[in-house]
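Below is one structure, written out as structure tokens; comments come after it.
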Amino acid sequence: MAVADISHPPMDQLHDLDYCIDSNPPWPETIILAFQNYIVMLGTSVIIPTMLVPLMGGTYEDKARVIQTLLFVAGINTLLQALFGTRLPAVVGGSYAFVIPILYIIGDSSFQRIPDNHERFIQTMRAIQGALIVASSLQIIIGYSQLWGIFSRFFSPLGMVPVVTLVGLGLFEQGFPAVGKCVEIGLPMLLLVVAFSQYLKHVKEVRNVPVFERFSVIICITIIWAYSHVLTAAGAYRHKPLKTQIHCRTDRSHLIYSAPWFMFPYPLQWGPPTFDAGHTFAMMAAVLVSLTESTGAYKAAARLAIATPPPAYVLSRGIGWQGIGILLDGLFGTGTGSTVSVENVGLLGLTRVGSRRVVQLSAAFMIFFSIFGKFGALFASIPFPIFAALYCILFGLVASVGLSFLQFTNMNSMRNLFITGLSLFLGISVPQYFNEFWASARHGPAHTHAGWFNAFLNTIFSSPPTVGLIVAVTLDNTLEVEKSKKDRGMPWWVKFRTFRGDNRNEEFYTLPFNLNRFFPPT
């Protein structure tokens, strides 16, 4: 067989998708897809407050209110990002990157000495707000000053492979380990989504629409959620350990009765923020991690939306708006910061729909269900192992998009093999060491008398994409740089560095309402 018969030439854009960034499905499909995006982002939006609010001294009512606030601000941030930021179909939601500095703030002795739980919750929340507000300025400056765009000149396809790949693989603990906490609902969910989205994807039941592929998530969640309700009602978990009941039962989230029928989140609803230099410095580490993780997620979203890689100017613009998003998190009091939702990026590939309009409409669902709390709480009470099963697929899809950048590089080069292998391995291994250390010792490997310094280092090195970026970009720009330009994929990459470098950029990334007249690309 000739080489030409078996080769697959590199492709700037994926072609195996039905709708790209600026094409839209019919309105009925768009509405269902938007609701599906809302459902997928609920897992992270619920689990972060569920983990942190009790540690702060909050009640079930406080947890419900924080979840509603987080969803409300996520809707605003998603809309801002899709309209004025990168303009990619990327959902912006709560981030795990902020958990370590928030735990540092929660553990502050000045708060731990407060005897009243509610007062401790309010004071801790105000401190988190203050740290987010000040730390957000770092990302706003890095974005709007074009510093991140300038730094992106050191990126190459080879350097981006571990960053994008680890954005997906780095969240493996939210995958099957969480499925295993209630395997009787998690495993059927995983198998059902694979069956519907892959084996039944060519079945077109309604108006020639691949229903099982496009809406597999919402169909499977409905089936498995109903099944878990049956198990709960039948008493399958009546005599099980408390941990099993929490993960498996559908009536243990306490969200439906705790959530108000109507609540309109507003700035400073918890009171005036308080400011502490140590808290802020620790939070800045999470801002840097969020910046790195979002960069990888933007690259993946662009590829899954059939767009060109976002040029440096667009990337900086998106990071700037994300900084404003973190500022809004601090003002409203979401209890955590924001980043691009990796699971929603993966959903673009699973549904083969990369439409910007779908994500913009999903933002409306987030805002609506955050205001009308009882309705939102109903969907937020879905057991987390159902989401974890989805994550196995969606995070894996994002990781594979990262690996797809290898097609633009020479993987017969030992230099490239060394950089790729080391950065991927350390990107998984170093954060795992930090996380295991934390689990056993209740603190990270960095454990000096300066708590803010500990939180800073432990946050940076607990993030797989950040470790991957540090290793890959450093090695890629110091090892045989000049003679390896072609091997690194730079001839392909260089035209996407600038807004004018490729005429397709204007189609994908131009601002709406003719705003490019006032903010011309640089």
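Backbone N, Cα and C define each Cβ position, glycine as well.
Database features (TrEMBL):
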TRANSMEM  31-54  transmembrane segment
TRANSMEM  66-84  transmembrane segment
TRANSMEM  90-107  transmembrane segment
TRANSMEM  127-148  transmembrane segment
TRANSMEM  154-172  transmembrane segment
TRANSMEM  179-200  transmembrane segment
TRANSMEM  215-237  transmembrane segment
TRANSMEM  358-380  transmembrane segment
TRANSMEM  386-405  transmembrane segment
TRANSMEM  417-435  transmembrane segment
TRANSMEM  455-475  transmembrane segment
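Ranking 66-84, 179-200, 386-405 by CB pairs under 8 A with the transmembrane segment (154-172) puts 386-405 at the top.
The recorded stretches the transmembrane segment (455-475) and the transmembrane segment (127-148) do not share 3+ CB pairs below 8 A when only pairs 6 or more apart in sequence are counted, and are therefore not in contact. Nonlocal intrachain contacts for the transmembrane segment (358-380), taken as residues 6+ away from its ends with a CB within less than 8 angstroms of a stretch CB, comprise 24-25, 30-31, 33-35, 37-39, 41-42, 45-46, 64, 67-72, 74-76, 78-79, 82-83, 89-91, 253, 255-256, 258-265, 344.
Within the same chain, residues 32-33, 35-36, 39-40, 184-185, 188-189, 192-193, 196-197, 244-245, 248-251, 347, 350-351, 382-383, 386, 390 sit at least 6 positions outside the transmembrane segment (215-237) and bring their C-beta atoms closer than 8 Å to a C-beta of that stretch. Within the chain carrying the transmembrane segment (127-148), a Cβ under 8 angstroms from the stretch's Cβ atoms is held by residues 98, 101-102, 105, 108, 111, 268, 270, 273-276, 279-280, 282-284, 286-288, 290-291, 295, 312-313, 315-327, 329-331, 333, 335-337, 522, all 6 or more beyond its ends.
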